[in-house]
Amino acid sequence: MNVSAVADLSPEARAALFERDAGIEDARESVRDIIGRVREEGDVALRSYAKEFDDVDIGTLAVTDEAERAYDDLDDDLRDAIETAAENIRTFHERQVPDDWREQFDGRELGRRYRPLERVGVYAPGGTAAYPSSVLMGVIPAVVAGVDHVAVATPPAEELPAATLAAAHVAGADAVYQVGGAQAIAALAYGTESVSAVQKVVGPGNRWVTAAKAEVRGDVEIDFLAGPSELLVVCDDTADPELIAADMVAQAEHDPNASVVCVSDDEATAEAVADACERQATARERTEAIESALENDASAVLCARSMSEAVLFAEEYAAEHLSIVAADEEALLDRIDSAGSVFLGGFSPVAVGDYASGTNHVLPTGGLAKVAGGLSVDHFVRSTTVQKLDEDALSSLRETVTTLARAEGLEAHAESVDKRFD
């Protein structure tokens, strides 16, 4: 990787870094066909797609009972790791549960109450690897929120990943289906003979999954449309370049289209990070994906003229993952508002948030962190406002309400208040 100056980036280079999207447009037409077929044919379509896309002949779509058996048969070390991660995730998300409240305001009793959704679907990607962590991240916040029925959909296989099934059991999923891709999103959104329809679908996936979420949005709620993984590192000369590179390579491992960027106000540190990335990318099982991610136009090692310039870059970038490794990291954090999840200091690798620190790894990408946060308990509850007024309280607002209503030409609104004083 070459080091470029932030100030010298061409408009084209800046666009490649900042104009990140989920890359779903070319998938939407085929996804619409899949969704339409699932809505028409139900389980028949799901089995057909399992054979076409996954080369699997599936009988029973629901594999909920297999989850507990997978947990019982799991290797002790992996079981312990899943349970530890689950406990940390649960503890963090329990802190997010909102409390109902009512208060008096000059005779007006106003409040807000929160109620969980009834039915939620969590997509857990599969394909080249099993992702039990995604099951934990999607299911646990829903369970903590009090959702009555949480279903997991994961791609079918001749032998389903035991870790994924076990994670569903540990997290508290009520149903597990061996259905993947856009067809899984369609099944969760609209239901089939075997798959119960839900109110909301959450979880990461490839561009076909993301395109399907975009298509069903409006009929059901979704969390957000997430693209390939992103990491932005802001560091100074106190950072260890080898550790910065290790985090960048780790995120590049996710996807050849991942975006990994480092911005340092120290040129020597930037050069060392670039060199370390190239060295660490080699001789790995996923070297090809890592090297593709490091070499794509959305990845870069940059040198800023000052830490203020680096901070401005970070705020505009609005990364999914933001790592800050600097002498004054807390002060720098105070100056950056837009990021999905922040990792402070040299002992906070992004991987710990991916798995077990307790924060959620389902995060906004493509700059969405400017307006949205990561998956949380908030995604699984709805709020209702409540008001109760006595006669004196309504009387004090009578003129205000009737004047505004008549100014808007809504006489019946005004009369609905006046009649209470006839």
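Including glycine, each Cβ sits where the backbone N, Cα and C put it.
The annotation NAD(+) binding site is assigned in Swiss-Prot to Tyr123, Gln183, Asn206 on the grounds of sequence analysis. Mapped onto three states, the DSSP output places Tyr123 (NAD(+) binding site) in strand.
Shown in sequence order, Ser229, Glu230, Leu231, Ala258, Val260, Ala293, His321, Val350 are the residues of the chain, 6+ apart in sequence, with a C-beta less than 8 angstroms from the C-beta of Gln251 (substrate binding site). Under the heading substrate binding site, Swiss-Prot lists Ser229, Gln251, His254, His321, Asp354, Glu408, His413, citing sequence analysis as support.
According to DSSP, His254 (substrate binding site) sits in a coil region rather than a helix or strand. Taken from Swiss-Prot, the feature Zn(2+) binding site applies to Gln251, His254, Asp354, His413.
DSSP assigns Glu320 (active site, proton acceptor) to coil in the three-state reduction, placing it in neither a helix nor a strand. Around the Cβ of Glu320 (active site, proton acceptor), the same chain contributes Ala226, Ser229, Glu230, Leu231, Ala339, Gly340, Ser341, Leu363, Pro364, Thr365, Ala369, each under 8 angstroms and 6 or more positions distant in sequence. The annotation active site, proton acceptor is assigned in Swiss-Prot to Glu320 (among others) on the grounds of sequence analysis.
According to Swiss-Prot, the active site, proton acceptor annotation covers His321 (among others), on the basis of sequence analysis. Within 10 Å of the C-beta of His321 (substrate binding site) there are 24 other C-beta atoms, taking all protein chains into account.
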If you count other CB atoms within 10 A of each CB, which of Gln183, Asn206, Ser229 wins among these binding-site residues?
Gln183
Could you work out which of the binding-site residues (Asp354, Glu408) has its C-beta surrounded by the smallest number of other C-beta atoms within 10 A?
Glu408
Env. residues of NAD(+) site, Cβ within 8 Å of mean position of Tyr123, Gln183, Asn206 Cβ:
Pro125, Ala153, Pro155, Gly180, Gly181, Ala182, Ala184, Ile185, Gly205, Trp208, Val209, Ala212
If you run the three-state DSSP split on Asp354 (substrate binding site), which class comes out?
helix
Validating a neighbour-count step here. Other CB atoms within 10 A of the CB of His413 (substrate binding site): how many?
14
I'd like the Cβ neighbour count for Tyr123 (NAD(+) binding site), meaning other Cβ atoms within 10 Å of its Cβ, all protein chains included.
31
